[in-house]
Amino acid sequence: MAAAAKCSRLGGPLARQLLDSVDSVLFDCDGVIWRGDQVVPGAAEVINLLKRRGKRVFFLTNNSTKTRKMYAEKLTRLGFGASADEVFATAYCSAMYLKSVCGLEGKVYLIGSGAMRQELEEVGIQQVGVGPDLVSGGQADWAAVPLDPEVKAVLVGFDEHFSYMKLNKALQYLADPDCLLVGTNTDTRLPLEGGKAVPGTGCLVKAVETAAQRQAHVVGKPSRYMFDCVAAEFGLDPARSLMVGDRLDTDILLGTSCGLKTLLTLTGVSTLADAEGHRESGCPVRMAMVPDYFVDSVAELLPALQG
Ligand SMILES: [Mg+2]
């Protein structure tokens, strides 16, 4: 199909044309197919029809608090036909990154969740650190805190038990220049209903980077590793793949930088005004966050799939 003007409303024949031009559709989850525990109306039908039409569907999320299996259970409960191997969440992708890309031989000091521990164990990596870790003693004790000599990487994801002592231990491990620093994602806030928000994993990654005076390698969107991880397992052609997301700075930027077609849905974080602002800026960095197309909701893909 001919190159479309950036940020076009997707509907009618254009929607059908776009779907005909792709074999794989990659969906972000929150703000796209569900909001919290509420499914976006029509989203399950869209995904089930895409599959019936022979498209491969994948779910890519920066959320590090669930395993692929937990996501597959949630998808099934909400009416989506999905299996764990279609889910690429940062708990799984960061374990794969440490295993396949870094070839890690040793343990991980984990600032993260039980789900992250499970995904590490699935690929044969042991961890220390999950769960609460409260401070005691004074500064000299903190600097001399006992370390596990087998730890070769610090992995930072969402950790509701994040504490000064965890930050300190990360610093002590990372004093060894051969110890790797990996973060699941850099989302700074988790938006909640009613305009409220809580601090996201990006705050924890930033704290560890600041203490260790090192940059983390980040696995989650917009890092291209999320796409590479799917492509490595399923042999995707970027030019025949579509990324659907609600955030310009993660989902759409990932899609653009990996050469995918991109679709913004307005049921989540970013607005059409945000996308148009980037488009009008003329700045190349911001242009990478302009989607090819937008819809008010993924349900707008239904007519193109039902005909
Ligand atoms: Mg989202």
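The backbone N, Cα and C atoms fix where each Cβ goes, and this holds for glycine too.
Worth saying up front: this structure is predicted, and the values here are computed from it rather than measured.
Copied over from TrEMBL:
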- Asp28: active site, nucleophile (ACT_SITE)
- Asp28, Asp30, Asp246: Mg(2+) binding site (BINDING)
- Asp30: active site, proton donor (ACT_SITE)
- Lys221: substrate binding site (BINDING)
Please give me the CB contact count at 10 A for Asp246 (Mg(2+) binding site), counting all chains in the structure.
24
On a count of neighbouring CB atoms within 10 A, which of the recorded positions Asp28, Asp30 is highest?
Asp28
May I ask you to report the DSSP-based helix, strand or coil state of Asp30 (Mg(2+) binding site)?
strand
Are there residues of the same chain, six or more positions away from the residue listed as 'substrate binding site', whose CB falls under 8 angstroms from its CB, and which are they?
Asp28, Leu60, Asn62, Asn185, Gly245, Arg247, Thr250, Asp251, Leu253, Leu254
